[in-house]
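As written in Swiss-Prot, here are the features:
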type     : residues : note
REGION   : 1-65     : region 'Disordered'
MOD_RES  : 17       : phosphoserine
MOTIF    : 36-41    : motif 'Nuclear localization signal'
SITE     : 84       : site 'Interaction with E-box DNA'
MOD_RES  : 85       : phosphoserine
SITE     : 87       : site 'Interaction with E-box DNA'
SITE     : 88       : site 'Interaction with E-box DNA'
SITE     : 92       : site 'Interaction with E-box DNA'
MOD_RES  : 97       : phosphoserine
MOTIF    : 149-159  : motif 'Nuclear export signal 1'
DOMAIN   : 150-222  : domain 'PAS 1'
CROSSLNK : 266      : SUMO cross-link
MOTIF    : 368-376  : motif 'Nuclear export signal 2'
DOMAIN   : 408-451  : domain 'PAC'
REGION   : 472-499  : region 'Disordered'
REGION   : 518-555  : region 'Disordered'
COMPBIAS : 518-528  : compositional bias 'Low complexity'
MOD_RES  : 545      : N6-acetyllysine
């Protein structure tokens, strides 16, 4: 019995003692379970009565479960690796299929006899895309030629219409491959003299670099060599020539000077020194040629040229410039009368609405001899000749009422030395878009030459008759004799003293007209520059005087609202006539009277009239009595 128990104990101890490999597999289980198992395996409190192997069987199940978990984990890792490899393989296969499809679409790759590496295929595809750039609307050569015309007939028609010569030049060396017979009419060279020669030998030395630049930058075909990434050797392509295309990047248009084979004149040595005659004999004249055309590509075999012997020929197409050269004249045709056209001498000035200078261009100093600061703040009427003031005042009034440009007749402008220069001006007014008021007048003044004034032809009809003087315009409506004005010491002859007041009175008149039109109910939607409308109903004062705007007496006869007339209703409106025309009462006479009648009594009377007008305008008084005025009405 004791022996039997010893055998059972040894069997259990052998069963409970794990193998080192089993210890490694059981390490995947928790540490608590390992400790439990060790304590259970080392303890001697086993209940062997009736259940001698139950605890050992539980431990075996745990070990088997750990082994199964380890096997499953190893299987999952292996399956994940296999799945990743399959994904990478499918990706590589898909990329290879796309590269093969791309190689079949690129002509340079499709023409290769051997399989290219991926990098070379991608490089050729990029260069092919660069070639197609800009050729969104390609046209073949057949689309440019009508069916009923042959090639020779079309060539002759083009040369006749272009009045030039056709030439074909290779882009690599500048060799003239073809030139039409019409080159003899322009360069005096025959067709045989130029074919096969270098174009650079017939160009001006300073134009060679420019022509080389036009020939080298080709966009019609790839000009750089393709290198295999594996071997490092240049790739030779055998491209089947297709229909040539014209794209916008291949267009060329440039000017260059070419030698003209003009017949030389024999120079005798006795007339000129030997060195001078030799230089003149060797000197060749050049003519300017305007070349327009396209860069095109042909295979060397199609051109009929022996290009196989050239060392740098790598099977690429021959890129050429096909252009038409036309003679560009050196001298612009002059008028029949031999007059040389030059840029007109002019300067720009800016004036306030009363004609005072607010800006003067710096070019005015070279024309008028005035510095800009000498003209600023002065009125332009102070420099006008007295015979031209009437016409210029008319233009001044028009430019304040319209937005159009006003061109004056030729007039005389006083320069710094006291003499006069003839000018013609273009005036236009600038209106503030917010306030709708004229802010300033811009004048472009052009100097008129003396021969234009002397001609007086149909181009300048206003020059045939001299403009009316200021006095004649003012006296025409009154029928009185022309007054003689005294000469003011210190003022050069030809100008009028106090002429600067004319511009101020014109500006005040236009402002008064705008004020009246702005207060009129019928002019609410009209422009402030439009001063013509239908007169409103009659408004009269109790004393029989004409009242304006419900209380303002009619003072147009006194010259304060000149340029207006009255109808039967008594409302003043403009007749669109000049402020200095026949119906006007503002002029040099009034200016001279104002200068000669400056006294305290006159000033007090004028102030009393102004106060009465203000009271009547505000409705504070009755009609104004003008009998106390020192001047007649």
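In case you wondered, yes, glycine gets a Cβ from its N, Cα and C as well.
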Exercise for review: For the motif 'Nuclear export signal 2' (368-376), could you work out the same-chain residues 6 or more beyond its ends whose Cβ comes under 8 Å from its Cβ atoms?
Suggested key: 347, 349, 357-362, 413, 415-417, 421
Review point. Could you tell me the C-alpha distance between residue 97 (phosphoserine) and residue 88 (site 'Interaction with E-box DNA') in angstrom, no decimals?
Key: 14
Point to revise | Mean per-residue pLDDT computed across the motif 'Nuclear export signal 1' (149-159) | key: 77
Revision key, fill the gap. If you measure between the CA atoms of residue 85 (phosphoserine) and residue 92 (site 'Interaction with E-box DNA') and round to the nearest Å, you get 11
Check your understanding: Over all shown protein chains, what is the count of other CB atoms within 10 A of the CB belonging to residue 85 (phosphoserine)?
Key -> 10
Exercise for review: Taking the Cβ of residue 84 (site 'Interaction with E-box DNA') as the centre, count every other Cβ atom within 10 Å, in any protein chain shown.
Suggested key: 10
Point to revise | Local Cβ density at residue 97 (phosphoserine) - other Cβ atoms counted within 10 Å | key: 10
Study note, to complete from the structure: Spacing of the two Cα atoms, residue 92 (site 'Interaction with E-box DNA') and residue 84 (site 'Interaction with E-box DNA'), in whole angstrom, works out to 12
Point to revise | Cβ atoms near residue 87 (site 'Interaction with E-box DNA') (within 10 Å, other residues, all chains) | key: 10
Check your understanding: If you count Cβ atoms within 10 Å of the Cβ of residue 92 (site 'Interaction with E-box DNA'), leaving out that atom itself, what do you get?
Key -> 10
Review point. Using DSSP, how many residues of the domain 'PAS 1' (150-222) fall into helix, strand and coil, respectively?
Key: 37 helix, 14 strand, 22 coil
